[in-house]
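Notes for the one structure printed next.
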Amino acid sequence: MKRNKFLTTLAAISLGAALLAGCSGNNNADSKENGNAAASNTESGNAASANNASSGDATNKEVESNAGTLPDKPTGTFSFFINSGATWDPAIWDWGGHHNAIGIFEGLVHYSQGKVVPGTATSWKEDGAKWKFTLRQDAKFSNGDPVTAEAFVLGIQRAVDPNTVKGTSKASSFLGDTHIVNYLDIQNGLKKVDELGVKAIDPYTLEIDLQEPDKSFLDKLAISNWQMPVDPKVVKLGVSDDTWTDPAKIVSNGPYMIDKLNVKTDMWLKPNPYYYGKVSLEKIHMTWSTPEIKQLLVFQNNESDMATLAAEDVPAVKGDSTLTNELNWFDTSISYTFQVRHSENPALQNEKVRQALTMAIDKQAIADKVLGGTGTPSYDGSITTWMADWIKNVGPQYDVAKAKELMKEAGYPDGKGFPTLVMLVPGADDKVAQAVQQLWQQNLGINVKYDGEEWGAYVTKFDESADPGTVSVVQNGVGPAVANWKETIVQTDPLHMELAKIALDGKAWENYRKIWNDSKLEQGDKNKQASDLFAANFSKDITDRYAKAADAYKKDDEAGLKDFVSWRMNTAWTFPIYTVRNGILLKPNVKGYFPMRMWLSTPPDWLNDITVS
Amino acid sequence: MLVYVIRRVGYMIVALLALTLITFFLMKQAPGSFLTINIMQSGLQTSGHSSYSMDVLQEWSERYHIGEPWYMEYWGYLKGILTWDFGTSFQYPNTPIMSLLVKAFPISLGIALSSIILGLLISIPVGIFAAMRRNTWADSGAMFFSMLGTSIPAYILAVFLIMVFSLYLHWLPSMGWRDLKNYVIPVLALALPMTGSMSRYMRTSLVENLNKDYATTVIAKGGSKRDVIYRHVLRNSLIPLITIIGPHLAGMLMGTVMIEFMFGIPGMGQLFNNAAGSRDYPLIMVSTFLYTLVIMVMNLLVDIIYGLLDPRIRRSGMSD
């Protein structure tokens, strides 16, 4: 099974653009059959989960679980900040889709308190690569129409159908590495959308055929927008129009529906009157977060029940006993890293140099002093310490003496003779990048230049090779697709072997860019030519390692997989610095907020778990 | 007068054409394109999204002449502007640009106009008050505070106002855009700094007029200071104030950008900034054009009103 390395630029931290990926994994991945748990949503996700327990800070506490205690009648208003959406069409890739996934729509399964729980499907059966879902018969859309297997088929077909996104400037909802039979051929226009491996066996039985068995399928479903049903009486195949931004026209099936929407500011939700279970809140107010809005001020003025702290807010909050009591630390899965850029100059091709660079960074000091606790040291871009604690011990450690020695061995004693190292960073004032710059200069004696660029310029330069005569690293944000470390390392498709791509020599990289930027080539041809180029130029050591790891994954050979991770970290092609950790203030009367840790902004994972007394 | 207006309109058209050309070149010079930024931002970089960019590009190429020589592309935008058919933007392809602007512009204009009106309502009485008590502690006190107002930027004042009215008193919302209450702090933050210069203009102009012979005559005939000011001097003293309202309004329309950001107000500032940041060419072109058009028209109107109030200007304008 392939994993989709999900690479997003984390300058997005400041822009609030985050990414979605799978979610807190290892809990349900192995449940072959779920005996009709949860007659109603109110009973589904008990257990306050181990999901948030591992970050080891005195202020870190579990948010009180709420499950099983929803009021008989929707009560209270919950007001919080979230990334803005532009469309709420579940077939379209957009932040609005993430809003859909936490309670405007309800898929087959969803997350609740960090676990995958039944949604509209009450039970399911896995038979190799075939999944059969039994749907509940009392589920209804917000217009009263029944939610049938047909509605799911239409929803998933729309997400795959390339016609849906035509003329929208958007992309289809991301199926990632969930390989439904024929999905790629349909997206590439080679097959018709009704050939997709999704069928309604009867009105309440849905079958999904995958190309190969997938241990993480339920985790991937739970966080996905593409699995949402749409009402066949209202929604058509091949169209996404502006009805998806008009609350009066959006028909959804989750516990909440959109009441009022101000596309650029905020949105109000109200209970879906036809929802089969209890609905906890009378109103939900979602305000779009922007870096300029001071969430702490808004929280203190009681206009919001939730606020995400900026690093500079932390001392003020820690100095205030009331606020300290309202503070929760939520880990995310997104890491801030640097990665080697391609260059004519081979200095960074030397593994010793890269290891020295890694060893010269005091990540703990950066997490504590620069980030004020809004980050924890990161050791591997796709495996966080909360997923696998051992990760911190297997890679190169902070050791200045050793780093200097390695530089000397590489022929650069005290940094002498080393070319200028340029750091490409979005924004002129990235404190973390500046700290890394200082550490490299002080500890290794090399000359490091900070190249802060406006977002558009940064994005444009991201793939370009370093300027002649220099070597360079670029800041990037990375995260896994599912929160299971074993799932995050299996990658055999050359187009997605990020490490091998980074390690490519400068010339081969430029050839790849020529193919990729050729506007006359069809996407399919691009993929093919790029794959061929990679196959011919990838380092054999790297591809062998990947093949071995894939084998270890199939055999569930944990030692083999750990060996691969350790090797990967010691190649030091990337320099993970910290994993984002959100300081989130919640009013004391808010219960049941459990963070969606795969998203950078850690919104609640299921809105209907939240109560406000 | 008519000749004057026609000539001014002629200049405006030339200036607007030059502006669209400059905007077009600057915009094309900025690195990155909407597609690359959009793809990167949404994490689609490596998601293997096939056919996405090709399809969209093809549609856009036809609509916006992308990939053709620059003059064709520029003509595409210019034609839209000339025929007042602005089309749709890259970011919101389902929504006409005009309807985006129709939503955003009144918000910005509303804030700007309310701020100016509030500024005038404060400045005129303060100016009169200071002029009537010229060279007393009351005069110096009023002028000191207006000086203070001028020196504090709107965004600093905004934070201070939020602290007082939202954090301590809990009277007003600190951000967002829901009802009239949301207007209060942004408008105050923009109006108060303006009162500094406006009240000083008012005071100086009054004092100047009070020293003129016609004012002395009124007093000599037994008129009170109050009579002189309200019946005779005030109208004449308003003329300089009107001259500075025009530039103030223009500045204000730009000045709301920062305030809109701070308070999460969905006005022109937000729209424009998003457009520039994501290289949404059609939206950049159209919003820059309309913004400038509004500012130019405002300035023209102020000049015409000025002329109406002062016949000398009217005459010299015509003889120009």
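Note: Cβ is positioned from N, Cα and C throughout, glycine not excepted.
Over in TrEMBL, the protein carries these features:
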- B:105-302: domain 'ABC transmembrane type-1' (DOMAIN)
- B:9-27: transmembrane segment (TRANSMEM)
- B:107-132: transmembrane segment (TRANSMEM)
- B:144-171: transmembrane segment (TRANSMEM)
- B:183-202: transmembrane segment (TRANSMEM)
- B:238-263: transmembrane segment (TRANSMEM)
- B:283-309: transmembrane segment (TRANSMEM)
Distal contacts, the transmembrane segment (B:283-309) - CB-CB under 8 A, six or more residues away: 1, 4-5, 8-9, 12, 15-16, 19-20, 23-24, 27, 77, 80-81, 86, 89-91, 97, 100-101, 105, 109, 238-239, 242-243, 245-247, 249-250, 253, 268, 271-272, 275-276, 317
Go through the chain and flag residues at least 6 beyond the ends of the transmembrane segment (B:107-132) whose CB is under 8 A from any CB in it; none is fine as an answer. 138-139, 142-143, 146, 177, 183, 186-188, 190-192, 194-195, 198-203, 205-207, 210, 225, 229, 234, 241, 245, 248-249, 252-253, 255-256, 259-260, 265-269, 294
Sort out the residues at least 6 away from either end of the transmembrane segment (B:183-202), same chain, that have Cβ-Cβ distances under 8 Å to it, and list them. 110-112, 114-116, 118-120, 122-124, 126-128, 130-131, 142-143, 146-155, 157-158, 161-162, 165-166, 172-174, 237, 240-241, 244, 248, 252, 255-256, 259-260, 263, 265
For the transmembrane segment (B:144-171) against the transmembrane segment (B:9-27), do we get 3 or more Cβ-Cβ pairs below 8 Å once near-sequence pairs (under 6 apart) are dropped? no
